[in-house]
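Record features (Swiss-Prot):
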{"type": "MOD_RES", "residues": "SER2", "note": "N-acetylserine"}
{"type": "REGION", "residues": "2-138", "note": "region 'Dimerization and phosphorylation'"}
{"type": "REGION", "residues": "47-90", "note": "region 'Disordered'"}
{"type": "MOD_RES", "residues": "SER48", "note": "phosphoserine"}
{"type": "MOD_RES", "residues": "THR54", "note": "phosphothreonine"}
{"type": "MOD_RES", "residues": "SER58", "note": "phosphoserine"}
{"type": "COMPBIAS", "residues": "67-78", "note": "compositional bias 'Basic and acidic residues'"}
{"type": "MOD_RES", "residues": "SER78", "note": "phosphoserine"}
{"type": "MOD_RES", "residues": "SER80", "note": "phosphoserine"}
{"type": "MOD_RES", "residues": "SER99", "note": "phosphoserine"}
{"type": "BINDING", "residues": "139-260", "note": "3',5'-cyclic AMP 1 binding site"}
{"type": "MOD_RES", "residues": "THR215", "note": "phosphothreonine"}
{"type": "BINDING", "residues": "261-404", "note": "3',5'-cyclic AMP 2 binding site"}
{"type": "MOD_RES", "residues": "SER350", "note": "phosphoserine"}
{"type": "MOD_RES", "residues": "SER395", "note": "phosphoserine"}
Amino acid sequence: MSHIQIPPGLTELLQGYTVEVLRQQPPDLVEFAVEYFTRLREARAPASVLPAATPRQSLGHPPPEPGPDRVADAKGDSESEEDEDLEVPVPSRFNRRVSVCAETYNPDEEEEDTDPRVIHPKTDEQRCRLQEACKDILLFKNLDQEQLSQVLDAMFERIVKADEHVIDQGDDGDNFYVIERGTYDILVTKDNQTRSVGQYDNRGSFGELALMYNTPRAATIVATSEGSLWGLDRVTFRRIIVKNNAKKRKMFESFIESVPLLKSLEVSERMKIVDVIGEKIYKDGERIITQGEKADSFYIIESGEVSILIRSRTKSNKDGGNQEVEIARCHKGQYFGELALVTNKPRAASAYAVGDVKCLVMDVQAFERLLGPCMDIMKRNISHYEEQLVKMFGSSVDLGNLGQ
């Protein structure tokens, strides 16, 4: 085996995925892998110019579309080996639907949303079941409350019987499906031979990649028991989810470029940071970071206002402790919490939400693992770092002592 060479970029690719798994602890590793590598692929080229990926592509290129639209989403140990053998699917032996996704879609071109809303009425009981089925769907995680409500309104229930085909290999994508209950086989036809490459068991989702990239269904999904699915039509899926993902990427990239400490990053480094940034919402008065605690993240304010306070050594509160004194206010586009990452000391101040606040959060462990030691990157702008120290705390202040 000594003649086998590791392809360039493979180690970094797998390290990045491994770090995200350890950080987020997803319940479904395969579903998480599909989401992670889909985002990675989207970041490399606009959706409108992405080629139809073939599973023969190397890891040095945009990853393939795995699965029934996501064969890799299935549970079981066999799919990873079998997926490597998959080639562009041959047309299904079943009748093809009329083409519904031949046109190119570019979310950047649709600035105004004038399409009528799709609403499928539901009983309270149906709504509750739908919310429960969707709570762990990764594609819905970044939607705000209004967007999620629109998605839930547009979803429709589909009851399936055993042996019913939900989607057929080679067909055009028309709906995205979330599984509420039931078991389903994932079948792939190659060289006129059909084989099972995985199963779904009362959870999961499938069908999104054909809608996102205008590619035919890569597998057939057959119900092996009676079950229930929730479908989302292609138009709503692309209007809300695809467009939202594109906007989120642009917004995150824009925020990163606006942070002085990160302006010197290469484009490739910024793209990696986009992948490790999360989003958190804080209510009025909620404490975001605490003075004296170990630093593990830094924050960029997406919306709202944040108050920065330190404990006074000369003023006491009513409980006899050191009173907190406000030293700064941060607003949209500004950031806080990065100094502790550079000094590797406890938090020098506390931060509180003033009104409702939405922050982009970068985890220092993922940051360091993906891009190298945090200090190496921050040193590129060390003069700005020193300027921030003087501005916020005074040149003679020891940050380590402030955290005690």
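Any Cβ shown, glycine's included, is placed from N, Cα and C.
Keep in mind that this is a model prediction, so the values were computed, not measured.
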Residue among recorded positions LEU139, LEU187, VAL235, SER350 with Cα closest to the Cα of GLU279 (3',5'-cyclic AMP 2 binding site): LEU139
Out of LEU139, MET155, ASP171, the binding-site residues in the record, which is closest to SER350 (phosphoserine) when you go by Cα distance? LEU139
Rounded Cα distance, in Å, between LEU187 (3',5'-cyclic AMP 1 binding site) and SER297 (3',5'-cyclic AMP 2 binding site) is 43
May I ask which of the recorded positions THR215, SER297, GLY333 is closest to MET251 (3',5'-cyclic AMP 1 binding site) if we compare their C-alpha atoms? GLY333
In this predicted model, the region 'Dimerization and phosphorylation' (2-138) has a mean pLDDT of 59
Chain-internal residues, separated by at least six, CB under 8 A from MET155 (3',5'-cyclic AMP 1 binding site): HIS120, LEU130, CYS134, VAL178, TRP230, GLY231, LEU232
Between the Cα atoms of THR215 (phosphothreonine) and ASP171 (3',5'-cyclic AMP 1 binding site), what distance do you get, rounded to the nearest Å? 9
Need the DSSP three-state call for ARG203 (3',5'-cyclic AMP 1 binding site) to compare against my parser. coil
Going by DSSP, give the three-state secondary structure for LEU187 (3',5'-cyclic AMP 1 binding site). strand
